[in-house]
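Engineer: What Swiss-Prot records for 1-86, 135-158, 179-215, 258-419, 809-832 is region 'Disordered'. Residues annotated as compositional bias 'Polar residues' in Swiss-Prot: 8-18, 271-282. Residues annotated as compositional bias 'Basic and acidic residues' in Swiss-Prot: 20-32, 823-832. The compositional bias 'Low complexity' annotation in Swiss-Prot covers 40-53, 137-158, 183-203, 285-310, 347-365, 396-419. Sequence annotations record features per position, and here Swiss-Prot assigns domain 'Protein kinase' to 479-799 based on sequence analysis. Residues annotated as ATP binding site in Swiss-Prot, with sequence analysis given as evidence: Leu485, Gly486, Glu487, Gly488, Thr489, Phe490, Gly491, Arg492, Val493, Lys508. The feature active site, proton acceptor is assigned by Swiss-Prot to Asp605, with sequence analysis given as support.
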Amino acid sequence: MVAANLEVPTSSSSSAATKRQKDVDNKLEKCLNDMLKLKTSSNNNSTSNSNNNAIMSHSLTGEHKDPKTALEGPTSSSSSSSSKYIGESQIPVPVQLYDPQKPLLQQQQQQQRICYPIGKSNSTSQLPMGGYQRLLQHQQQQHHQQQQQQHQEQQQYPQHKRPFLNWNSFACSAMNGASDPFMQQQHMPAHQQQQHLPHKLQQSYSSSHVPKQAPKSGLAMFLQKNTNKENKFGQPMQQQPPGMMPQMYGYQAPQQQSKIGYPRTGAPLTHSASFSSAQRPTALQFHQQHQQQQHLQQQQQHPQQQQHQHSSFGVGMMSRNYYNMPKQPERKPLQTFDPYAYPKPNQMQPVKYQQQQQHPHTQFQNASAGGGGGGAAGLQYDPNTNTQLFYASPASSSSNKQPQQPQQQQQQQQSQLQQSNSVIFNHSGQQHQPHQQQQNEMSKSALGLHFIETAKPVIQDDADGHLIYHTGDILHHRYKIMATLGEGTFGRVVKVKDMERDYCMALKIIKNVEKYREAAKLEINALEKIAQKDPHCDHLCVKMIDWFDYHGHMCIVFEMLGLSVFDFLRENNYEPYPLDQVRHMAYQLCYSVKFLHDNRLTHTDLKPENILFVDSDYTSHYNHKINREVRRVKNTDVRLIDFGSATFDHEHHSTIVSTRHYRAPEVILELGWSQPCDVWSIGCILFELYLGITLFQTHDNREHLAMMERILGQIPYRMARNHTLYSKTKTKYFYHGKLDWDEKSSAGRYVRDHCKPLFLCQLSDSEDHCELFSLIKKMLEYEPSSRITLGEALHHPFFDRLPPHHRVGEVSNKQPLSSGSSSRERSHSLSR
């Protein structure tokens with residue numbers, strides 16, 4: 001279109017106005033003659049030239065003399081070649097086109113926009129014929145092309161930093177059914193694209209020496225212009241050859257919204273994907289300008305050859321689309337993604353890769369033009385939909401820019417899918433998976449991405465080293481967290497659901513602390529040894545199903561059990577267990593720990609919290625003595641858990657083991673320990689199950705020893721002397737063979753008031769109760785060598801009343817009653 005503007009002469013002299021008018025008429029006649037010559041030499045543009053002649057003849061009749069009628073009169077027909085002469089100082093003005101070959105009513109209905117200069121000038125260069133003079137001057141065309149070339153070269157550099165991209169505005173409109181303006185522009189016919197091309201004001205560049213980045217085409221440009229106020233008036237979108245970009249981006253229908261999915265389960269994304277200014281896409285390295293012009297000419301002359309070359313994914317495609325094919329943005333790991341949001345990828349079916357070998361459209365890769373940390377984007381042919389798909393790969397695998405062989409491409413694609421969990425997008429709305437085809441909902445921010453490279457979830461720990469998780473998180477691509485079961489010094493235990501077996505299990509998540517991680521490895525080793533000796537769990541030790549290292553957190557999967565005997569006791573308001581239930585639980589505990597001792601393994605952390613019911617269902621009944629309801633567990637089958645502190649005889653023995661309330665005296669006095677320390681702990685447990693209270697409720701070593709003497713009698717002199725001679729601790733608890741303890745102090749009065757001899761704690765003088773306390777007294781012997789072994793305990797009269805169906809296994813009389821040699825236990829426990 002040609003810019004025109006006529007002004008009324010302001011001179012007072014009529015002669016000067018007449019002279020100027022004659023000068024204008026001469027120029028118009030000269031221009032008309034030139035246009036007539038151009039008409040005879042041009043055959044392709046006969047129709048447009050005839051219109052121009054009509055317009056010029058109409059202008060010569062004198063309409064240009066009146067400035068009011070000039071704005072409505074002579075104009076030139078709109079064409080794509082003349083649209084490039086629109087200056088920055090021009091604004092579009094709707095006018096009517098005059099065509100003598102068409103009816104007047106039809107011409108009045110057609111409205112077009114013609115840009116006229118802004119401002120006033122007395123020069124005649126702003127007359128309507130100035131546009132035709134520029135068309136005839138070839139030097140001005142070359143000068144204009146050079147300016148465009150310099151303008152594009154200046155835009156190849158990065159832009160200034162801009163505000164944070166807000167994807168929600170576009171995502172919300174997309175989810176409400178708003179179509180993509182980029183897709184609308186690409187699917188329009190060529191003549192409609194020219195008519196609908198927006199005439200926007202050119203953005204004036206600042207005086208800064210930092211150049212701007214090239215305008216982005218497509219969806220990236222749409223998001224940039226709608227989310228950045230600084231670039232609200234950006235450069236207009238440059239046109240692309242029809243049918244080029246839809247094939248490159250895999251679009252088939254602008255009405256159908258794209259869907260994303262995962263290679264395995266198709267779980268939807270759950271977090272927003274927003275990128276800061278440091279993670280913006282970088283510009284693509286373009287070819288030289290003369291090569292670009294050559295390819296553009298080849299496209300116009302040979303459209304069929306262009307389509308064939310585009311299907312081969314050669315270098316020519318990059319040069320032909322240098323201004324509308326920006327480099328794919330670099331995607332960094334999303335720091336807000338949750339662990340369960342990304343299921344474990346599986347290998348693609350070999351049939352799909354065999355189909356890709358048969359097609360020449362195998363791969364097209366672009367190496368990352370920026371620094372490290374970015375990813376490479378490519379195109380992949382889909383034989384089912386006859387479209388091309390984007391795929392993302394990590395930066396480590398995109399260093400090679402040369403085309404690869406089909407077999408190497410298959411291996412690389414499989415490794416990339418396994419390592420980076422790449423998501424392949426089909427913009428037609430269909431996702432191809434080996435086992436299922438499922439369309440998933442997308443997160444709001446993911447709607448604005450052509451492709452996305454999924455990253456490994458970022459694992460966060462709290463100040464104590466516990467793993468931060470939420471209900472519904474999926475660990476190790478298999479175990480879905482359902483609830484938290486308990487917490488300890490080692491970590492937490494959660495209830496998980498095995499997604500493969502559809503079965504609930506218990507998952508022990510160890511703290512991300514070195515000492516607890518090493519202890520977990522020892523526990524796994526002990527559980528594996530136990531599984532070798534007892535594959536069917538006949539000896540009542542918990543069964544380990546699986547284990548794995550989850551980002552520094554050792555995780556062990558166990559069978560799902562019920563409450564611990566301590567938790568059930570606490571929920572029952574510390575109402576003690578009936579004696580028959582205590583007998584059955586004590587028998588199972590002795591039987592299970594004896595199995596460990598027979599295999600030269602010491603548990604070292606026996607307590608009610610580590611004894612779990614297989615099923616903690618209960619019945620309630622009213623107790624008239626205490627005037628309230630009490631619970632009674634239905635099934636007293638138990639399992640032994642927590643082998644984190646289990647120690648083999650040949651392994652290093654820590655100085656302090658066991659929980660305070662169940663710690664044996666040889667451990668407190670640092671005289672060495674072995675299997676008898678477990679027997680002491682079992683004696684304390686039986687007392688607690690029987691009475692519902694802890695036998696030694698203290699947190700101080702000296703007070704603990706004072707309670708022992710108050711309940712069990714004086715500590716032997718030999719142990720006191722050995723403690724004084726061999727103990728490495730600076731604190732000495734004995735003076736001249738006696739415990740250094742002030743009974744008149746507040747702590748001494750507390751021990752005297754709350755502790756009493758063991759046999760005075762019996763609830764009844766019946767034979768059953770006396771047999772239980774007899775067993776407890778033998779388990780609480782000071783001397784480890786004098787302490788009863790678990791083999792002997794299983795033959796204690798207290799277990800004679802146990803029903804046959806409660807006996808796990810008959811203990812043969814021919815087997816040694818002790819769990820190992822008594823001399824070995826005594827020598828090891830008193831090795832100092």
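Placement of Cβ uses the backbone N, Cα and C atoms for every residue, glycine included.
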Engineer: I'd like the Cβ neighbour count for Glu487 (ATP binding site), meaning other Cβ atoms within 10 Å of its Cβ, all protein chains included.
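Structural biologist: A 10 Å sphere around the Cβ of Glu487 (ATP binding site) contains 13 other Cβ atoms.
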Engineer: Give me the long-range Cβ neighbours of Thr489 (ATP binding site): same chain, 6+ apart, Cβ under 8 Å, in sequence order.
Structural biologist: Tyr516
Engineer: With the ATP site defined by the record as Leu485, Gly486, Glu487, Gly488, Thr489, Phe490, Gly491, Arg492, Val493, Lys508, how many Å span the farthest pair of C-alpha atoms?
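Structural biologist: With Leu485, Gly486, Glu487, Gly488, Thr489, Phe490, Gly491, Arg492, Val493, Lys508 as the binding residues for ATP, the largest Cα distance is 14 Å.
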Engineer: State the mean pLDDT for the domain 'Protein kinase' (479-799).
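Structural biologist: Mean model confidence (pLDDT) across the domain 'Protein kinase' (479-799) is 94.
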Engineer: Can you check which residue among the recorded positions Leu485, Gly491, Val493, Asp605 has the largest number of Cβ atoms within 10 Å of its own?
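Structural biologist: Of Leu485, Gly491, Val493, Asp605, the one with the most crowded Cβ is Gly491.
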Engineer: Please report the Cα separation of the residue listed as 'active site, proton acceptor' and Gly491 (ATP binding site) in Å, rounded to an integer.
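Structural biologist: About 16 Å separates the two Cα atoms.
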Engineer: So, three-state DSSP: helix, strand or coil for Val493 (ATP binding site)?
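Structural biologist: Reduced to three states, the DSSP call for Val493 (ATP binding site) is strand.
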Engineer: Taking DSSP three-state, what's Asp605 (active site, proton acceptor) in: helix, strand or coil?
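Structural biologist: The three-state answer is coil.
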Engineer: Around the ATP site formed by Leu485, Gly486, Glu487, Gly488, Thr489, Phe490, Gly491, Arg492, Val493, Lys508, which additional residues qualify by having Cβ within 8 Å of the site's Cβ center?
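Structural biologist: Sorted by sequence, the hits are Ile509.
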